[in-house]
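A short write-up of the structure that comes next.
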Amino acid sequence: MKIMIINGPNINMIGVREKGIYGTKSFEEICSYIRSEGEKRGHDITLLQSNCEGKIIDFLQDSYFEKYDGVVINPGAYTHYSYAIHDAIKGNTGIPTVEVHLSNVHAREDFRKESKTAAACIGQIAGFGEKGYILAIEALEDYKEKNI
Ligand code: DQA
């Protein structure tokens, strides 16, 4: 499958920011882990990151025009207030998208418990660190197999 992995604002600072929550692995290490696990499963993996909402929306639109089979997105804090990213995921006319969070957002501050973007996705995975991206890829495989 052709899979686009999108990371949102501040995810590039993983390994530096709030290590007690996000751990000490660098963003680059996490990206190479995702790439190698994804390729091991036979997928074509594109890794993208932006701190800008509009750029993330451009990536999501590209996933449609460039005929991706699935998207995995960690929208960072945009999760909690971006209706524009919600609409962009919905507007992808049928490209299954899985939301991932490194931390368990449901066990943190109240504002993190709400996701404006998850309802546009086929599901959400939170709390399993970088393994969450691989679980999301597996969810896309299952989704494609069932052809829902
Ligand atoms: C995050 C959770 C968000 O609430 C936060 O703003 C992030 C990271 C996560 O991966 O756990 O930047 O998306």
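Just so it is clear, glycine is given a Cβ too, placed from its N, Cα and C backbone atoms.
Taken from TrEMBL as is:
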| type | residues | note |
| --- | --- | --- |
| SITE | ARG17 | site 'Transition state stabilizer' |
| ACT_SITE | TYR22 | active site, proton acceptor |
| BINDING | ASN74, HIS80, ASP87, LEU102, SER103, ARG112 | substrate binding site |
| ACT_SITE | HIS101 | active site, proton donor |
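Candidate recorded positions: ASN74, HIS80, HIS101, SER103, ARG112. Nearest to the residue listed as 'active site, proton acceptor' by Cα distance: SER103. The binding-site residues shown are HIS80, ASP87, ARG112; of these, the one with its CA atom nearest the CA of ARG17 (site 'Transition state stabilizer') is ARG112. Shown are the recorded positions ARG17, ASN74, ASP87, HIS101, ARG112; of these, the residue with the fewest other Cβ atoms within 10 Å is ARG17. For ligand 1, the recorded positions lying close by, meaning a CB under 6 A from one of its atoms, are ASN74; the full candidate list was ARG17, TYR22, ASN74, ASP87.
Put simply, of the binding-site residues ASN74, HIS80, ASP87, ARG112, the one whose Cα is nearest the Cα of the residue listed as 'active site, proton donor' is ASN74.
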